[in-house]
Amino acid sequence: MTVKQFQAESKRLLDLMVNSIYTHKEIFLRELISNASDAIDKIYYKALTDEALNFNKEDYFIKVEVDKLARLLKISDTGIGMTREELEENLGVIAKSGSFAFKKETELKEGFDIIGQFGVGFYSAFMVSDVVTVTSRALGSDEAYKWESKGADGYTIESCSKENVGTEIVLKIKENTADENYDEFLEEYRLKSIIKKYSDFIRYPIKMELIKSKLKEGTEQEYEQYKEEEIVNSMVPIWKKSKNELTQEDYDNFYAEKHFGFDKPIKHIHISAEGTISYKAILFIPEKMPFDFYTKEYEKGLELYSNGVLIMHKCADLLPDYFSFIKGMVDSEDLSLNISREMLQHDRQLKLIAKNIKTKIKNELLDLLKNSREKYEEFYKSFGRQLKYGLYSDYGANKKDLQDLLLFYSSKEKKMVTLDEYLSRMTEEQKYIYYASGESIERIDKLPQTELLNDKGYEILYFTDDVDEFSIRMLGAYKEKEFRSVSSGDLGIESEEANTSDADDQSNLDLFTEMKELLADKVKSVKASKRLKNHPVCLTNDGDLSIEMEKILSAMPNNQNIKADKVLEINVNHAVFQQLKEAGQGDKEKLKLYTNLLYNQALLIEGLAVEDPVEFSNNICKLMS
Ligand SMILES: Nc1ncnc2c1ncn2[C@@H]1O[C@H](COP(=O)(O)OP(=O)(O)OP(=O)(O)O)[C@@H](O)[C@H]1O
């Protein structure tokens, strides 16, 4: 029998397969089952158009059988089969229109992960087997042919006999090597789990003979083994069912079965889109944060199916980072099974799907916020931070999409509020949306900087998350209202307060200049406060960087010691100020002591560390004695 040569392209691919060190070799089974399913589809469609043909669903199935001793794995189908010519054409020539050819030789040599990047169809069988034998009888033919190959050296074709129409692929599974275990592909239970994982939703039954054990009749402890044929796949994908056919439990089960999370999702989104793009998707909004969510290990993405066949476990391109918590799957008939990861990024269909999904998720979240506030707040506790990251990532490109999903604690309402709710309560003369940053609600409650605003009855949003201020800075304004920190130099309040009347008289200004000199570059200036009521001092900032941001930046690993420009504000109506004034008029030592004490108090209130605790404590003693 003459050995025929493969086409050059096919030979290259085969070489790669035979010598592959790819770690997910199990996908060969997905590829073969997918081909078998396609072959049954073809008969099915023929039957739809040809009255002479009857499609009897029970006659159509895929079967996976193992002969452990002989190291053989057989995948057979009752599909359309192949003629001799088709065997030559389909298996001797690489069918891919260029996905493979488009990679340059050099890239392939450098270990380009072709298998991971491309579904590779039939040839993937050579990753796990030494010899592949395909026996096929085409629909309408009495003859059958056997195609056989040991890999890149070529293949043979001869006629043979086969009882039924269809194709049988027998793989001679490789022997184990020091690094690779091939025996697993001869274990029924391993095969079953591979089928469940990748081909669960193939429309036709995938049958396997599984060894089971049962109690021997008449005994109480003796077991005997027997074989039983089982359909391994569930066949109908839940996403292809209509929404009214499904219960909440169905969705919850699907979530659990797919290992999307251990919690119960807060909401599912079942999409069935048709039109310019057609796809189906089931997405979940989880309730609890996965333990690794805010670590590098966490991988975002959705399962991607092409017409019921899983092509990618985590397709990251389907989700923007700020929705990285979303779990689920997408199935589209418009996507090729063999699309590469690289090509996916540029795939127009996929981009459209991703855009569509993004809008749907946003709308569902808005709906949750509007109609199930409690649930939304629960969700926000876990993932609000991610939404806020989304605000400032990509240079704020997504801020419009995300701004209405934000929640902050309100000084007035004593609960989480949206920016829109804040706006609805603003009075006409209120210029800005005010916020205060701090470690916790309790701490912010006590911040002296909030006194004036509270007095005026203005609502303050509390920023307790370290991303808050950064993301709000990116947002800049909400519906044309700018944000303003309670610590910022200008609060935009026309001061009709009497307490500032003598604040700027010359003697005070001289005193402040002197205090500034004593504090040197610790502060940018010392001045009379317009915002303090009961507290003697506070720190505010002059410039873009707030004190809160300074704290966050200095806690980062690559701390560059960036400092906010601090202003020490003094309450000129406070009893302490009189003492300070008196000290300033002659007792320089006392002025130094008071200035230091006040400055350190302001640091403590702000949650900043006192620079020299020993000196601070000595100063208190000095004051007492
Ligand atoms: N079990 C089968 N029954 C009938 N024809 C088959 C079978 N397996 C493979 N073929 C034929 O061989 C061709 C090549 O298969 P291969 O898996 O390499 O690529 P493909 O299936 O065309 O591509 P894709 O995997 O992207 O669908 C198929 O298109 C099909 O015509």
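Backbone N, Cα and C atoms are what each Cβ position is placed from, and that goes for glycine too.
Unlike curated records, TrEMBL annotations are generated automatically.
Annotated ATP binding site per TrEMBL: Glu31, Asn35, Asp77, Met82, Asn90, 96-98, 117-122, Thr167, Arg341, in sequence order. Sequence annotations record features per position, and here TrEMBL assigns region 'A' to 1-341. Residues annotated as region 'C' in TrEMBL: 552-625.
DSSP gives Gly121 (ATP binding site) a helix state. According to DSSP, Asn90 (ATP binding site) is assigned to a helical segment. Shown for the region 'C' (552-625): DSSP residue counts in helix, strand and coil, namely 44 helix, 5 strand, 25 coil. There are 18 other CB atoms within 10 A of the CB of Asn90 (ATP binding site), with all protein chains counted. Close to Asp77 (ATP binding site) in the fold, though at least 6 residues off in sequence, lie Ala36, Ser37, Ala39, Ile40, Phe61, Ile62, Lys63, Gly166, Thr167, Glu168, each with a CB less than 8 Å from its CB.
When secondary structure is read from DSSP and collapsed to three states, Glu31 (ATP binding site) falls in the helix class.
Within the model, the region 'C' (552-625) shows a mean pLDDT value of 88, rounded to a whole number.
Listed binding-site residues: Glu31, Thr167. The one with the lowest count of other Cβ atoms within 10 Å of its Cβ is Glu31.
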